[in-house]
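Quick look at what TrEMBL annotates:
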- 1-11: compositional bias 'Polar residues' (COMPBIAS)
- 1-36: region 'Disordered' (REGION)
- 26-35: compositional bias 'Pro residues' (COMPBIAS)
- 60-110: domain 'PHD-type' (DOMAIN)
- 243-365: domain 'SET' (DOMAIN)
Amino acid sequence: MPPDSTTTTAARRQIGSPHRTSAPRRPSPPPSPPPKRMKLLTEILEKAAHAVVEREDYGDVICEQCRTGERPEELLLCDKCDKGYHMKCLRPIVVRVPIGSWICNKCSGDGQRRVRRLSQKKIIDFFRIQRYKKDDIKEKCRSLQDSRKRRRRSLVYQKKRRRLLPFIPSEDPAQRLKQMSTLASALTALHMEFSDDLTYLPGMAPQSANQAKFEQGGMQVLSKEDIETLEQCRAMCKRGECPPLLVVFDSCEGYTVEADDQIKDLTILAEYSGDVDYIKNREHDDCDSMMTLLLARDPSKSLVICPDKRGNIARFINGINNHTSDGKKKQNCKCVRYDVNGECRVILVATRDIAKGERLYYDYNGYEHEYPTQHFV
């Protein structure tokens, strides 16, 4: 018998009917506005630290230092304050036109940069100094005594061919920590890592490209005795016995290096380190401390050392203005490229006795004499 049409919904639920009724619908809320994909210009300007105003005519720009508009091709415009500065009027002097944006010293605060001291633990961690036992110290002293005896015996031979000398670290451990602290602070300020070695990274020149036999005209070979001296210097640096050098900040020259003790002629000061790359890849690089490593017979295979990400104290030793007699008088060290066991290496060596407090300068050109140094201080 068909169910009565008057059967209620409650009755259908009681007899297990599959039919369900829906609850009364509530009015739907108003649609939300679509999410903003772009901020309004007014919001951006309220939060922006500064606004760059485009100007069509820069003919009235003058240098904030010399107050003239001469040599407009050398004027740099700050991307923050929009003021102009001559490259040679800046302190420190800007060598090349920077790639990309440039901020003046007043806006960046670099004019107040100073070298700060670090704690002993931070210095040890920064330079990855190897700790050694007392037995190692005795063995080191014994080897130094033996080397001095050999020097006395070979005095006549040394007069015929001058040998390179290892640097003599400061005897006071606290003074050595101070020297390393100045270097660590300068590297940190330039966002660099410390490295005493040549670095080969993917996308740059491989280690196989660094072969002295590729040098056009040949390369000066470092003798066996001098290689031992170079390795002795590297071993001392790994133990935290650094050369007696300080990194100081000068308002005119920027970071520079001065002797913290007397240094003898022909003393090894440092080995140039950094990332190795082909010159063709760095033709438009604005790094001011690139150093020639290999001048190959095939120019496309020539190499440079780029200490913009990794490097050591050699990166802060300044070049001289070799176009003036006063500039040449300041030169007290030289940068020489050597064949060391078939590999190209660059070593900085003292060319005369250097007094304590004297700043270090070398001819940036080396043997090439192609780089302009008129703007050097």
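Quick reminder: no glycine exception, Cβ is built from N, Cα and C everywhere.
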Given the model, what does the mean pLDDT over the domain 'SET' (243-365) come out as?
90
Tell me the residue counts in helix, strand and coil for the domain 'PHD-type' (60-110), as DSSP assigns them.
8 helix, 7 strand, 36 coil
